[in-house]
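What Swiss-Prot annotates here:
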| type | residues | note |
| --- | --- | --- |
| BINDING | ARG195, ARG196, GLY197, GLY198, THR313, ASN337 | CoA binding site |
| BINDING | GLY389, GLU390, PRO391, ASP413, THR414, TRP415, TRP416, GLN417, THR418, ASP503, ARG518, ARG529 | ATP binding site |
| BINDING | VAL540, HIS542, VAL545 | Mg(2+) binding site |
| MOD_RES | LYS612 | N6-acetyllysine |
Amino acid sequence: MDRLESVLKEERVFYPSEEFRKQAHIKSEEEYQRLYEESVRDPEGFWGRVASELHWFEPWRKVLEGDLPHPKWFVGGKTNLSYNALDRHVKTWRRNKAAIVWEGEPGEERVLTYHDLWREVQRFANVLKRLGVKKGDRVTIYLPMIPEAAIAMLACTRIGAVHSVVFGGFSAGALADRIKDAEAKVLITADGGFRRGGIVPLKQNADEALKDATSVEHVVVVRRTGEEVPWTPGRDHWWHELMEAAPDRCDPESMEAEEPLFILYTSGSTGKPKGVLHTTGGYMTYVYYTTKLVFDLKDEDVYWCTADVGWITGHSYVVYGPLLNGATTVMYEGAPNWPEPDRFWRIVDKYGVTVFYTAPTAIRSFMKWGEGWPGKHRLDSLRLLGTVGEPINPEAWLWYYHVIGKGRCPIVDTWWQTETGGIMITTLPGAHAMKPGHAGKPFFGVVPEILDGEHRPVENPDEGGHLCITRPWPSMLRTVWGDPERFLQQYFSQHPGVYFSGDGAKRDKDGYYMILGRVDDVLNVAGHRLGTMEIESALVAHPAVAEAAVVGRPDPVKGEAIVAFVTLKEGHTPSDALKEELRAHVAKVIGPIARPDEIRFTDALPKTRSGKIMRRLLRQIAAGEKEIKGDTSTLEDRSVVERLKEGA
């Protein structure tokens with residue numbers, strides 16, 4: 001039976017305050033249920049109503065045409081995302097409202113009002129046009145977390161160019177692969193970026209990448225660090241010089257709803273990166289609405305999502321979602337612990353952040369650094385917290401709730417993917433009770449199903465399987481850029497006719513979904529299928545443990561043995577006695593079947609630059625492989641892998 005066993009029990013339930021509930025957009029479980037049923041029964045009526053809150057140059061003739069894997073949304077409708085994110089607000093009192101509040105790692109501040117941003121975006125749209133960029137051309141953006149990244153994205157959408165943002169932490173090789181795949185005409189980069197007090201050599205990486213990626217005709221360089229950088233006359237241009245010469249009026253291109261908006265690459269475990277393609281109308285409508293309801297956005301909110309624009313979270317919930325809602329969005333350039341581990345909390349207090357959205361990996365780091373750091377700050381402006389990027393273990397959830405939210409801020413634990421475009425499963429903060437470790441319920445219009453290996457629905461509560469989506473939703477990816485076969489093979493071949501997320505999940509008796517991690521992060525131990533996330537959660541619940549990553553290694557008797565890589569909190573030291581204590585602890589929390597066969601202490605875990613643990617590398621290390629295979633372009637610190645190999 002291809003079913004995931006779920007073994008970690010977390011029974012506590014938390015409710016939003018009456019005061020929060022009264023003010024929320026969706027105020028009760030009953031209201032959620034009524035709207036959800038309508039969104040499933042009449043998706044065209046529901047999404048047509050939502051899309052009507054935005055501006056369309058020409059109305060659609062049909063809201064939804066066709067079905068998975070190739071639905072079309074808002075057919076015949078014409079709109080422009082930058083118009084909806086900027087022009088719509090500039091015509092109202094929001095004209096002089098802060099759109100982007102930015103802080104650089106060294107401490108500089110910039111505030112761009114909606115009017116400022118509108119003018120800058122139009123200027124840069126004209127710059128792109130003068131460089132020969134036309135509708136449908138691809139533009140690669142390789143920048144630090146600075147306002148110019150958002151300006152460049154919005155300028156592309158204004159003229160119908162397709163942007164491909166590449167995370168500034170990626171290597172020259174990873175950048176070259178992504179430029180070549182998209183056949184980008186223009187590259188936008190900076191002389192460098194600041195990270196932990198050092199300088200990231202973006203221009204140097206760009207020059208290296210362009211030796212291999214020859215489609216690029218022009219490189220626009222933002223002066224960020226003032227470093228001397230190599231220069232290719234005729235090809236390279238300073239951002240500020242081009243902007244000085246550009247007019248600040250550029251009419252938005254009228255875009256068909258299904259025309260391409262952006263490509264964003266996700267790393268496959270092997271082979272070349274996948275270029276996920278999102279289109280204009282459906283993506284715009286869905287991120288607008290999810291941002292509004294999941295974060296319960298109000299006009300007075302100061303909203304901060306800590307993601308980098310190089311990831312989908314940065315696209316949907318740093319730039320597009322907040323600006324479509326006329327919100328104030330905070331951008332921060334640097335590391336959470338630079339110069340000290342309270343940098344995030346300083347920013348929260350300084351700007352009066354009300355809604356805060358970050359990753360579980362960051363929360364576990366905050367736990368490791370101790371309560372003293374957030375304890376130095378008031379944090380009383382916060383009213384709502386969120387998590388994104390991976391399942392959050394109950395221990396980290398409870399710490400976040402009590403230490404950062406002071407027990408008064410609801411937490412939205414959001415499940416979604418690059419491919420889904422927007423949040424798919426979550427609690428709505430005024431409507432739902434929260435269960436630590438459970439993402440929550442499907443967002444409007446989202447119809448999940450948990451299937452076993454034989455494509456049968458898993459009916460029993462708390463029995464796991466593959467998380468699939470059975471109906472189209474507006475912001476889903478439309479294809480893999482240049483590779484339609486890979487699109488079908490990757491997402492629609494495992495369970496015919498439905499979208500397969502690659503994640504395992506279970507649904508409890510109340511309809512709450514718990515995400516069990518990637519299906520390929522499932523262990524088969526003596527015929528039992530165990531989700532790695534549950535064993536990791538049990539380990540992290542031990543007071544000595546800061547972080548844990550669990551993988552399987554081949555075992556002649558059990559099929560797979562359980563290997564746990566563990567980092568300890570400050571004040572705890574590795575010992576054989578602690579190893580035994582941790583093994584016994586897991587056996588007690590989950591059951592003897594989940595007792596790790598081996599525990600390896602380490603000072604750090606190998607992570608991608610977005611903070612996800614690279615379990616694939618840990619599997620290779622656990623199996624004793626001397627050479628690390630597969631794509632490691634997203635690995636943040638290679639020395640971690642070397643130290644783990646030496647300690648093997």
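Easy rule for this one: first residue shown is 1, then count along the chain.
Including glycine, each Cβ sits where the backbone N, Cα and C put it.
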Which of the recorded positions GLY198, THR313, VAL545, LYS612 has its Cα closest in space to the Cα of ARG518 (ATP binding site)? LYS612
Nearest of the binding-site residues (GLY197, ASN337, HIS542) to THR418 (ATP binding site) - Cα to Cα: ASN337
Students should find that the Cα atoms of THR414 (ATP binding site) and ARG196 (CoA binding site) sit apart, in Å rounded to an integer, by 28
Quick one: pull the CA-CA distance for HIS542 (Mg(2+) binding site) versus GLY197 (CoA binding site), whole Å only. 33
Quick one: give me the count of other CB atoms within 10 A of the CB of VAL545 (Mg(2+) binding site). 25
Could you list the residues of the same chain, at least six apart in sequence, whose Cβ is under 8 A from the Cβ of ARG196 (CoA binding site)? GLU105, GLY334, ALA335, TRP338
Between the binding-site residues GLY198, PRO391, the one whose Cβ has the fewest other Cβ atoms within 10 Å is GLY198
Within 10 angstroms of the C-beta of THR313 (CoA binding site), what count of other C-beta atoms is obtained when all protein chains are considered? 24
By CA distance, which of the recorded positions (GLY389, PRO391, VAL545, LYS612) lies nearest to GLY197 (CoA binding site)? LYS612
Note down the number of other Cβ atoms within 10 Å of the Cβ of TRP416 (ATP binding site), including every protein chain shown. 25
